[in-house]
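Below is one structure, written out as structure tokens, with a few remarks after it.
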């Protein structure tokens, strides 16, 4: 096993660079087979359909930028050269999407194209397409978004504007200087792709990371601890947690990463932050996570810090009660993993669905409503 990457990833040296044993390889094969049985992987045909839809959206994006450019009195040549490019982020870009997963998509536009243009012109162009099944613009969201179903594929589309005159197809978003002279909403939009790309760059073996993350995602979803809005880690936070274990065991297989995941985080000295790299300074006058400077950062109970500048806490809304639930589920996960390793249980036992709605005698339901049109209600409920 190649150990040349030892010490090359993360903020600390690896715990072990030992390669997998025959038993660990066997456990890993069984884990991947169980993921297939659980429907974690999408068919090749469905994946190809996603690629085709993204290709269509890239064409619409260039047409959108061209049309806006011409409306703003640019010459034919300048309008064509203005470009426009789509990026993906989230589970699709990480390579851990499954059947029916949505695609988080970022439309990057040059400086003369505004957010209003996105919610007017781009929206109108989508509505004219025969492939459009459903559209729901939410311009007032924390990250303004257009939710769509396009040719049968769920796609969430956000827009980020850069302070440059052209967006070529070979553009990448790695350079921190690209973030100059943009507003906070554009910064939040652009950082989705930047964080996803950094996570992939910071893991030793991408396929191992993906198998382990699929397993942890399925476990967290089945145990009802996968929801940022309810005070649990969301997709990016779980990805960073898995990535850190991959850094600590750079030559391990996915099954070993999953076992170490439960073992390490049950011993973690929270609120010690989980970091994939050292927090870096940058060119912008924006807040970077730092509990020594910002009092509110001191109150993050399980801080998991995004690697891309400006670093933020992806788990700021974890509470005392949700932290207790997470730790309890991790203990259950560790107990089952120990039994799996000794042949007493199967991987399917790890994915047993929660029994929350059978656990208590009484439940409280809160019903909320809105006045106005159905479209206004959809915007609010999104």
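Each residue, glycine too, has its Cβ placed from N, Cα and C.
Automatic, uncurated: that is what TrEMBL annotation is.
Features as listed in TrEMBL:
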{"type": "BINDING", "residues": "89, 90, 91, 102, 103, 104, 156, 217, 226, 235, 236", "note": "ATP binding site"}
{"type": "BINDING", "residues": "102, 104, 156", "note": "Mg(2+) 2 binding site"}
{"type": "BINDING", "residues": "102, 104", "note": "Mg(2+) 1 binding site"}
{"type": "DOMAIN", "residues": "10-203", "note": "domain 'Poly(A) polymerase nucleotidyltransferase'"}
{"type": "DOMAIN", "residues": "208-353", "note": "domain 'Poly(A) polymerase central'"}
{"type": "DOMAIN", "residues": "355-381", "note": "domain 'Poly(A) polymerase RNA-binding'"}
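Annotated features taken from TrEMBL, shown on the structure.
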| residue | record | DSSP class |
| --- | --- | --- |
| 89 | ATP binding site | strand |
| 102 | Mg(2+) 2 binding site | coil |
| 156 | ATP binding site | strand |
| 226 | ATP binding site | coil |
| 236 | ATP binding site | helix |
Contacting positions for the domain 'Poly(A) polymerase RNA-binding' (355-381) when only residues 6+ beyond its ends and CB under 8 Å are counted: 136-140, 224
Whole-number Å value for how far residue 102 (Mg(2+) 2 binding site) lies from residue 89 (ATP binding site) (Cα to Cα): 11
Cα-Cα distance maximum in Å, computed over every pair in 89, 90, 91, 102, 103, 104, 156, 217, 226, 235, 236 that the record assigns to ATP: 20
Helix-strand-coil residue split for the domain 'Poly(A) polymerase central' (208-353), DSSP-based: 77 helix, 4 strand, 65 coil
Spatial neighbours of residue 226 (ATP binding site) that are distant in sequence (at least 6 apart) but have CB under 8 A: 217, 220, 232, 233, 234, 235, 238
Number of other Cβ atoms within 10 Å of the Cβ of residue 102 (Mg(2+) 2 binding site) across all protein chains: 16
CB-centroid shell, 8 A cutoff, Mg(2+) 2 site 102, 104, 156, site residues removed: 90, 92, 103, 105, 147, 154, 155, 157
Residue 91 (ATP binding site) CB neighbourhood, other CB atoms within 10 A: 21
Cα distance (Å, whole number) from residue 236 (ATP binding site) to residue 102 (Mg(2+) 2 binding site): 15
For residue 104 (Mg(2+) 2 binding site), nearby residues of its own chain (Cβ under 8 Å, 6 or more apart in sequence): 88, 89, 90, 91, 92, 93, 156, 158, 192
DSSP-derived helix, strand and coil totals, residue by residue, for the domain 'Poly(A) polymerase RNA-binding' (355-381): 12 helix, 0 strand, 15 coil
